Amino acid sequence: MRYRASALGSDGVRVTMESALTARDRVGVQDFVLLENFTSEAAFIENLRRRFRENLIYTYIGPVLVSVNPYRDLQIYTRQHMERYRGVSFYEVPPHLFAVADTVYRALRTERRDQAVMISGESGAGKTEATKRLLQFYAETCPAPERGGAVRDRLLQSNPVLEAFGNAKTLRNDNSSRFGKYMDVQFDFKGAPVGGHILSYLLEKSRVVHQNHGERNFHVFYQLLEGGEEEALRRLGLERNPQSYLYLVKGQCAKVSSINDKSDWKVVRKALSVIDFTEDEVEDLLSIVASVLHLGNIHFAADEDSNAQVTTENQLKYLTRLLGVEGTTLREALTHRKIIAKGEELLSPLNLEQAAYARDALAKAVYSRTFTWLVRKINRSLASKDAESPSWRSTTVLGLLDIYGFEVFQHNSFEQFCINYCNEKLQQLFIELTLKSEQEEYEAEGIAWEPVQYFNNKIICDLVEEKFKGIISILDEECLRPGEATDLTFLEKLEDTIKHHPHFLTHKLADQKTRKSLDRGEFRLLHYAGEVTYSVTGFLDKNNDLLFRNLKETMCSSTNPIMAQCFDKSELSDKKRPETVATQFKMSLLQLVEILRSKEPAYIRCIKPNDAKQPGRFDEVLIRHQVKYLGLMENLRVRRAGFAYRRKYEAFLQRYKSLCPETWPVWTGRPQDGVAVLVRHLGYKPEEYKMGRTKIFIRFPKTLFATEDSLEVRRQSLATKIQAAWRGFHWRQKFLRVKRSAICIQSWWRGTLGRRKAAKRKWAAQTIRRLIRGFILRHAPRCPENAFFLDHVRTSFLLNLRRQLPRNVLDTSWPTPPPALREASELLRELCMKNMVWKYCRSISPEWKQQLQQKAVASEIFKGKKDNYPQSVPRLFISTRLGTEEISPRVLQALGSEPIQYAVPVVKYDRKGYKPRSRQLLLTPSAVVIVEDAKVKQRIDYANLTGISVSSLSDSLFVLHVQREDSKQKGDVVLQSDHVIETLTKTALSADRVNNININQGSITFAGGPGRDGIIDFTSGSELLITKAKNGHLAVVAPRLNSR
């Protein structure tokens, strides 16, 4: 398998183990071996704290991975993370569970040696989760087997089934494994998983009948009640409320917020189908689970002889159906004990206490044997189907050990004794294999092996397991001997047999001071991890694990197929006393040690940061306790007994070669020689390092840290140089690219311009020749020779005309057209003028239109006829010269509803004497009204207005002629207005007398009264003068403004 040289971090930066050394003050070191004060437990824990604070939950002790449970999802187990760690050297990436998984897998593939990953730690430290993550990694990253992914799916789906039947909520962990598990995963020669096998150890079956306050029974009971279908529960005789079952209420913790039993049951049901459970097998399995609940609800009452009698007939009825046994047989087995004496079978009745004991013993036996059957069933499902093929021999095995860690509680009993004995054996194996691995590496590298002083816990293992004199042997002997054996007699036997052992102590053997901390029913062992005090109460009973013979006989007759396999009839004919629980556990543990010894080990030590299961909380007391019991300091001390750091020459030279001028930038010789030159330049002292065959060994972390600090400084310098070189290169390349592009563009553009210029010259020459020929023949009829010229002349005229069109209707300019376009030019001129007029007319407002119409009428009447007309042209006509407020209300009242269209102040001349008088001239729709102050002096209807006379001079007099026959009128009216042109134009329009305005040259005759006429004489002079002449005429002298 090929290595990938590097890996990318989440930010895209290459991350290696050494790259984090520069941040060691903030996040700690990634390998405890690099701790300067490696013997200090405080320094060890402080390094853990720093990393935990930064969400770095993994740290190495050499090849051993220490994991701290974060109690929250850190999003570090995604497919992206798996790819990041797959195929990468162990020290090329930060510490991670996947790094260990990949290293183990690559060793399995390349070295063809069986591997084992040992996961240990106390409950709630994350062992089960680590096992699941390892299986997930192998399922996602390993190649798929040729026959599909069935085995891979079964490996993954075996977990939820085993968790349902073997895990429970405890005070320390909501999903605590209550059994030890060792799983072998078989891989073919291609590295694909093809099979598996599971071994289970020491299921905590006492939990079936008893739970401490705040704890639960095994998950499967609650999952079935919460998630089972109504029909299934009815068939099993169950109801959903867990409070209805004695075995589920003792912990008083049926509901847990962090556990969803309903959804978990769906996962379990799906998993059962994946691992080849038939519907009948599922039904039989659920019947057994339900029978345990019903068994817990069996109650007894004492008869007159104090013998126990079953009082819950309904529960007994369900039990007989679910377990497939006879009701009377089961009743008798629960209330009597069968004794065989001298070949005779005797039934001894049980009292209430003994009956309850028998009931609970049956419940524990049924559940524990069902669990063992379940493991065997899963193993059959995981077994490789190619075991008989020749390629089977090429398979390799990877073992996963999820075992309970060292346990020290307030009250420690038989279970803790077995668990801690197991940890002693594993610690013994761990130290042995670690020292062996260290020694083999030293020898392979040609480095002298320095003997390591360490605590050999063989003395404790012998104390527990030695034949005849060990605790287990003494316990078995006490269980087997005739007579009244009790837990206290067992303790006395221990005191007599091993009283001189330095690691054993009881109340009787202790000094006065120590006795205060030991009860008379306790003994204390000094384990490798510290002292543990055990209570002997229940040791004999739990070791015997006694199930009365008639209960076995009853279960052997079961028609439930699973029960029939769990209780084999051969047990009844076997007269040999069954092995005790402790002996069985010792034998299985010795077998496990041999299995692990045959494999290449890897270690994962799990630590729980606090008891409250809260993220971000670091309980130093609790962690110090676990560091001690996991033997991590001892592990570190063994690892650091020689050299703290070792790396291949190639990797060391590649990382640090920039620190030496001779090795930078390229070393062409052997890597070993390059490293020798490098360390001499760095000033390493002989006692600080050793040169092996393929690796350099550095004794002290401070030597490595000094080198790393120098590298960080050197990197800054190199980074500056690289940046400068890169910028120079980058801008040079950019300049050259721009230059090449510019030359290319210039070349192309010059060619284009040249071609355009040549084409233009050719076109110009042809055009000039055609124009000259056309000009010569311009007067000839149209022909091919002059057509281009004529068209050019016409086009030029039209284009020039477009630029020289008249600006307005008064502009009469127009370009001179060529002879051929004269007619067209006139038509265009007419169209242009019409268009300008039309546009102008569309643009004027109604008010302006009225103004123009009045001006047009004034022009028609006065233009060229009256001297002062030109002065009135630029002056706008006003709609009225008097406002409403200037006209008397009495006048307005006299006019009634008639609107005033125009009003102007005038001067009226009397008919006799020509005396001037101020008046107002009002025009209505039907009459001319002359007003004096508040009185209407004269009203002239338009029908009686026969004409209007005015002189041709610049004066402002005019005469309104009325019909002589009108009796209402006294005669014509002589008036003077400063706005004579405006007044006469509006009067003529209102009275429809445009054609009745007379412009006289010398005099005007008007009717002065009945039978009398008056005359107004007009003469020109230097200034305006109006007087009565001696001849009785009205003489008007007016200056001449325009010569006509």
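Here the Cβ of each residue, glycine as well, is placed from N, Cα and C on the backbone.
Marked as domain 'Myosin motor' by Swiss-Prot on the basis of sequence analysis: 28-712. Swiss-Prot lists ASN69, TYR77, 120-129, 173-177 with the feature ATP binding site, giving similarity to another entry as the kind of evidence. Look at Swiss-Prot and you will find LYS364 tagged as N6-methyllysine, backed by similarity to another entry. Sequence annotations record features per position, and here Swiss-Prot assigns phosphoserine to SER389, SER517, SER845, SER1022 based on a large-scale study or a structure entry. If you look up Swiss-Prot, you'll see LYS467 marked as N6-acetyllysine. The region 'Actin-binding' feature in Swiss-Prot is assigned to 589-611; the stated evidence is sequence analysis. The domain 'IQ 1' annotation in Swiss-Prot covers 715-744 and is backed by sequence analysis. The domain 'IQ 2' feature in Swiss-Prot is assigned to 738-767. Annotated domain 'TH1' per Swiss-Prot: 866-1040, in sequence order.
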Positions whose Cβ lies under 8 angstroms from the region 'Actin-binding' (589-611), at least six residues beyond its ends: 48, 52, 61, 63-71, 97, 100, 103-104, 107, 111, 113-127, 130, 171-172, 182, 199, 201, 397, 399, 401, 405, 421-422, 425-426, 429-430, 433, 617-619, 622-623, 626-627, 630, 632
Sequence-remote partners of the domain 'IQ 1' (715-744) [C-beta within less than 8 Å, at least six residues beyond its ends]: 658
Around the Cβ of SER517 (phosphoserine), the count of other Cβ atoms that are within 10 Å: 12
Cα distance (Å, whole number) from the residue listed as 'N6-acetyllysine' to SER845 (phosphoserine): 129
Alpha-carbon spacing, SER176 (ATP binding site) to LYS364 (N6-methyllysine), which is rounded to whole Å: 19
Predicted model, mean pLDDT over the domain 'TH1' (866-1040): 89
Secondary structure composition of the domain 'IQ 1' (715-744) [DSSP: H/G/I, E/B, coil]: 30 helix, 0 strand, 0 coil
Rounded inter-Cα distance in Å - ASN69 (ATP binding site), LYS364 (N6-methyllysine): 32
Residue among recorded positions LYS127, LYS364, LYS467 with least C-beta crowding, 10 angstrom cut-off: LYS467
Rounded Cα separation (Å) that holds between GLY121 (ATP binding site) and SER517 (phosphoserine): 27
Closest of LYS467, SER517, SER1022 to GLY124 (ATP binding site), Cα positions, modified residues only: SER517
Pairwise Cα distance for SER1022 (phosphoserine)/LYS127 (ATP binding site) [Å, integer]: 132
Spatial neighbour of the residue listed as 'N6-methyllysine' that is closest, considering only the recorded positions LYS127, ASN173, LYS467, SER517 and their CA atoms: ASN173
Local Cβ density at SER845 (phosphoserine) - other Cβ atoms counted within 10 Å: 8
